[in-house]
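Input: a single structure, listed below in C-alpha cells.
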Amino acid sequence: MMNPQYMNQQYPGGYNPGYGAPPSSQAPQGFGGPPPSGQPGQGPPGQFGSPSAQNSIVNGTNQTPGMTPAMYGVSAGKVQPTGGPWTSGPGSSQPISNTGPPMPLSGPPSSSGGPPISNGPTPGFRATGPQDAGGRMMRPPSAHLPQPAPNTGQLSNQMGGMTLANQQTSHPGTPVNSFISGTHSAAGPTVSSVPPVSGIPTVSAPLSSVPGPVAYSQPRLSAPSGAPPTMANQPGGPLPGGMPPQSGPGGIPPQSGLGGMPPQPGPGGMPPLLVPGGMSPQSGPGGLPPQSSASSMPPHPVPGGMPPHPGPGGMPPHPGPGGMPPHPGGMPPQPGPGGMPPQPGPGGMPPHPGPGSMPPHPGPGGFSQQPGIGGMPPQSSASGMPPPPSPGGMPPQPGGMPPQPGGMPPQPGGMPPQPGMGFQGVQSYHGGQLSGPMVPPQQQPRKLDPDQMPSPIQVIEDDRRNRSGEFIATQRHYLPPLVTTDFTATDRGNTNPRMMRSTLSFVPCSADMLKQSSLTFALSISPFARLEVDESPLPIVDLGQLGPVRCNRCKAYMNPYMQFVDGGRRIQCCFCGCHTDVPPEYFAHLDHTGRRVDTDQRPELCLGAYEFIATTDYCKNNTLPKPPAFIFMIDVSYNAVKSGLVQLLCDHLKDDILANLPREYGMEESEIRVGFVTYAKELQFYNVKGTLAQPQMLVVSDVQDVFVPLLDGFLVKLSESEAVIDTLLAQIPQMFAASRDTEVVLGPVIQAGLDALKAADCAGKLFIFHTSLPIAEAPGKLKNRDDRKLLGTDKEKTLLTPAINFYTKLGQECVAAGCGVDLFIFPNSYIDIATIAEVPRLTGGNIYKYSYFQADLDGHRLLEDLKTNVMRPIAFDAIMRIRTSTEDRELCYRPTYSGAKFQYYLVKEYLLGIRPVDFLGNFYMANTTDVELAILDCDKTVTVEIKHDDKLTEAEGACIQAAILYTSVSGQRRLRILNMSFNCCTQLADLFKNCELDTFVNYAAKTAIRESMNSNPKTVRENLMNRCAQILACYRKNCASPSSAGQLILPECMKLLPLYTNCIVKSHVLQGGTEVATDERSYLIHAVNAMSVKDTQVFFYPRLIPLHEIDLDSECGTLPPAIRCSYERLRDNGVYLIENGLSMLLWLGMNVPQEWIYSLFGVQSVAQIDIDKTELQNLDNPISRHVREVIQKIREERFRYLKLVIVRQRDKLELVFQQYLLEDRNASGGASYVDFLCHIHKEIRALLS
C-alpha cells in the first residue's frame, strides 16, 4: 500500500511541482549548502548598472542600397567619454560570465583620439544574489522546472577540445557608443555584426561589397587602473618563450611592441587587443610592457605571479618590488584612475627586463594585428595553456575580505553564487559543456557589453512596430511577419502563414547553391491552426458528384497557379506541366487576359487555402464515414482515488467538459458520441443507453485477450443519455472508494478502446487518465529501467527510446483505424514515458503530465487542459501529402502573343525539380509520401524538408501544395488544400535576405531531437554549432563586404542565429543531464516534436515580463514590454513573470514594495507569501487585477494551462528560475550568450582561413 500522505512529505514547505516534476527515488541534490572545501565554487555576482552613454555619430556614404551590414565592432572615429558614471539600482546584480585567467594583450592603438575612459566602481555598491539556504529539496521541482545539478565545483567536459574565449565582468565604468557608417559598392542583403568580443578584434575598414552600411561599434571600456599585470614566472619581465604578456588587473592591457614596429597577432591566430580609447602604445624595451600608474605610484608585479593584494576600502593595491615603468619615446603617459592626470615614472628610466624577454609572438601569414573589441582580451596562451593561477587558486578579496575556502570568492550579503558564474580558466566549449581549470578570478577585467549584442527583444519589437496590421499573402511568397507579431493575414493566392511557413521565401535555383549556404529549405505546416477573429475561415467548395478537379498525371488539386489554355478547355498543371481536359460542368470562358471569368467566385482559383467536400472515392470502402466518438478511460486504482483524481473527473466531466464537445460552425449540437471505461487490473465498460433507468457495468477480467462486451449503448450522444450519464458519474467514485489496487494495466486499455471504435465503424479519440507504471501482468507490462546516471552519456538513448515495441505496434494499429490517443498521466514515480508515449506520438495525440497530482492544487489546471483539448478544432483519420514541382514537362503548349491573339507552340520543356525528402513531428508514415495521423488538432505541426532534384529558374518559380484528407467532427469527409508559391534566386545575397529564422529554429530543433535518438549528445550539439558557423561563414565569405577578420558579420535576418542555437544546445531537450528526470526529458521531446513555430520560439527563448512596469492606468491585460533573459536584468525591488509555453514562474525580489506584496498576496512581506499556491488571490485592487489579467492572457495564448510557480529571491527555487535565463551560463555548463558568440566567431574564422 502506498502512503496517501506522500504529497507534503516530499517537499519542504509543501511545495507542489508543476508540469512533469521528475520523480526521484532520493532527495534531489544541489539545492543547498556551499560546495565542499577544496572545490571551487561559483563566483559572486558582478556589479552592473545602467550606462549613461553618449553616442558619437559619423556619417559615411552608402553607394548602393539593398544591404545594410552592421558590424558590432570598433570602427574608425573618436570615442567620446560620457558625462557620468554607471549607476546601480537596488538589488542590481550581474552574473559573472564564464571567465578565465586574464589573457595577454598587445597591440597598437585603434586610432588617434580622445583619452581612454577609466572609471572606478560606484561607491557603496553591493552585488546581490540568491541566498543558499543550505538545505536539500525532498521532492523534485515541477515539470519543466529542471533541478540544478549538484554543485561539485567541477563541470564535466563531454565535448572538449575547443578553447572558449574568456569573458569577465568589468567594474562599472562609462560606456561609449560610436555609430559609424561605412562605404559600400556592391549589392547584397542587410547584415548585422556583433560587438567585438574576446578574441574577436576589429579594425576600421571600408566595406566595399555590401551597400548601405551601418556599423555599430562597442566602446572599449577601461577598468580602473592601479594594479600591475600578473606575470606567470618572474617579476619585471614577460612570459618566456615569446609568450605575450598578461593583462593587468581590472582589465588594463599591457602594451607591447618594439619601438614603433607594427604589432603582430598573438599565437594561434588570435589577434591581440588594442589599447582602449585610442591611446598610443606604451612599451618598454625588449617587449616589456609598461605598468599603468595608480595613485601616482606605478605598481610593480608581484613575484611568483601572485596577484597584488588590494588595499582596504577600495584603495589600489600596493606595488611589488621592481622597477617603475617609464613613458618611453616621448609618448603620452597613461592617465590615472578616475580621470586624474597621469603620473610619470621616476627619471624616465625603463625597468630592466627579466630573462627571456622577447617581443610578442608573431601571427601566421603576416596578418596585421587587429584591435580587440569592447576591451576583451584575446586568447593567446601558448599551446592553449592557461596562465597559472595564484597560489591556492585564491583570488584577491575586495575590501579586505578574507578568502573563502576552496578557492571560492566571497558572497556579498551571504548570497549563493549564481549558476555558471565566476569561474576562471581557459575553457573548452563543445555542445554546451564547459570544462577546464576552474581557477577563481584574479582580476575583474572589462566585459563585453551584452546590450551591444543582437537582441531578440529588439528584433521582436521592431517587427511589431513595422509589420503589425494587415499582411497580404500574394501569389509569390514574401517574408511574413514574425510569429510574435500580431497581424491579420489576407489570402491573395498564398496560404496564411499561421498554417504554413517556410525557412526561405526565395528558393535557390540549384541544389549546389543551397548546399553552399548550409541553409535548409523546410516547411512548417499547421493545417488546422487557429485563425484570428478578423481572418476569414476557409471556404468549403462542394462540386457534388464531380468532386475536386485534379491533374491527370500528378493528381494535384486545382489551385490559383494552374493555367487555363485552349480557350479554357484544358488546364496546364503548375507542378508537372501536364494538360488535363476541363470537365464540361466546370468549364468557363476566359477573358482578354487569359483568366477565367469566374476566377473571383471560385475559392480554388483565387485563394491559397480552401476545402473541398470529398466524394465516396476518398472514403474507406467507398462509404461515407460516421461521426467520430470520444471514449473517456479513467484509472480507478488506489493512487487515482486517494489523490482525488476520480472524484474530480466525475464531478466536472459532464457539465464542464462534455458540454463543450466540438461542433460544426452553425450547428447547435455536437455529433460526437461518448463512452466510458474504468480500469485498474481489469476493465469495466458501461452501458449508458438513454432508455435505461440505471447504467449497466460489464467487467472484462481477462486482460490477456481483451474484448468489447457490448456495442449498443456504449457510444451515445450526450443529449440522448444525459440523465444516465449523470447517474454513472455520481456512482463511479462510490464504487471505487475502497480500491486497493496499486498495480494497473495500460496496453489492454488502449486495445479495448481501439476495438470499440472498430466495432462502431468510426474514427475517434481515447482520453486515458493514467497514474503509474503498468506493471500488472498483461500485454504491455513494463519494468522500472530508470538510470539517471546514463543521461548525458552515449548510452542515454537507451532510456529515451521505447523499452519494448508493443506500444509502437499498437500505435500503428490505432492509426489504421483512425483512433487517436491523448494520455493524461499523474505519476508519483517513474512511468516510462519514452515507451508509453509511442501511442500518442504515432496517432498525433498529446501527453499531459501532472506529477504528484493533488486535486486541490492541480485540479483546476487539469480541468482547463481537458476543456481546451475537447473544444479545439480537430480532424480525424487524416492523411497528408505534399506535392511539389518535381516532374519533367513533356510536349506542352507555351502561349505567346502574336498581334492581339494568343498562339500556342508545342515545345519540349523540363521541370524544375524539388521534392519532399524528410518529415518531422508526431505521426506515422507507412510509405515515403503519406503522413498519417489518427487525430490532427490546431496545435499540431508537421515539418517537411524539401530538396532539389533539378535546377529551378527564376522565371518559373516553385510551387508547393499540401493536401489533407480528413473526417470532420460532423463525420464529413473533406480535403483541405494549402498552396504556396515561391520566387527563385540565383544570388546568395538574395537568399540570405529572405530567410525566416524562427522556422529554421523549429526545423533545427526537431532534427537535433531525432538525431539524439541515434547518436551521442556530444555529436548532436557539435552538429548544431557547426551548422551555425557554416551558415555565417558562407554569408561572410560570399555576401559581406571585405572587412577585418575580427568583425563578426551577421545577416540581418539571421543575426539571432547564434543566440537561438545556443538556446537549443542548452535546452533540457538536448542537454538534460542527470538533473533532469528521464520521464521529464521524454515528455519534453514529445512536446517539442509537435510544436509550431510560435511554440518553439517561446520555448527556446522564454518571455520575461517585468510586471512592476505595468501601467495601472492602461487597459487590463496589456503586457509591458519583455526584457532579455539574463539575471543582470532583474532588480531586487521588481516582480517578474517568465513563461516558455509549458511553465510559468513569478519571481519576487527581496525588496519589492510592500504595496505590491499586499495588493497581490494580502500579506505584509515577501517572507509571508505561501509559495504552494498556484493561483493569485482575487483581490479588488488595480495591481491585482492587472497582474491576473496578464497571467490569464498568457494562458489563453498557450494550448496548455500554465501552472503558476511563485519564486522568492534567494529561495532554493531561484536556481530553477535561473535555468530559464538562457543568456547566462547555466549550472550544467552551458555557455552564456557572449561566450557562445566568441566560440562561433572563432569557428567562423577557422572556416574562412
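From the backbone N, Cα and C atoms, a Cβ is placed for every residue, glycine too.
Pulled from TrEMBL:
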COMPBIAS  1-10  compositional bias 'Polar residues'
REGION    1-456  region 'Disordered'
COMPBIAS  11-29  compositional bias 'Low complexity'
COMPBIAS  55-66  compositional bias 'Polar residues'
COMPBIAS  80-95  compositional bias 'Low complexity'
COMPBIAS  108-124  compositional bias 'Low complexity'
COMPBIAS  150-195  compositional bias 'Polar residues'
COMPBIAS  237-247  compositional bias 'Pro residues'
COMPBIAS  262-274  compositional bias 'Pro residues'
COMPBIAS  275-297  compositional bias 'Low complexity'
COMPBIAS  298-363  compositional bias 'Pro residues'
COMPBIAS  385-419  compositional bias 'Pro residues'
DOMAIN    548-586  domain 'Zinc finger Sec23/Sec24-type'
DOMAIN    625-870  domain 'Sec23/Sec24 trunk'
DOMAIN    913-984  domain 'Sec23/Sec24 beta-sandwich'
DOMAIN    997-1096  domain 'Sec23/Sec24 helical'
DOMAIN    1119-1186  domain 'Gelsolin-like'
Response to the item:
Contact count check, CB pairs under 8 angstroms to the domain 'Sec23/Sec24 beta-sandwich' (913-984), set 625-870, 997-1096, 1119-1186; argmax is 625-870
Item to complete: Quick one: average pLDDT across the domain 'Zinc finger Sec23/Sec24-type' (548-586), no decimals.
Response: 94
Worksheet item: How many of the residues that make up the domain 'Zinc finger Sec23/Sec24-type' (548-586) does DSSP mark as helix, as strand and as coil?
Response: 6 helix, 11 strand, 22 coil
Fill in: Secondary structure composition of the domain 'Sec23/Sec24 helical' (997-1096) [DSSP: H/G/I, E/B, coil]
70 helix, 4 strand, 26 coil
Worksheet item: By DSSP, what is the split of the domain 'Sec23/Sec24 beta-sandwich' (913-984) into helix, strand and coil residues?
Response: 0 helix, 45 strand, 27 coil
Worksheet item: Taking DSSP states H, G and I as helix and E and B as strand, how many residues of the domain 'Gelsolin-like' (1119-1186) are helix, strand and coil?
Response: 19 helix, 11 strand, 38 coil
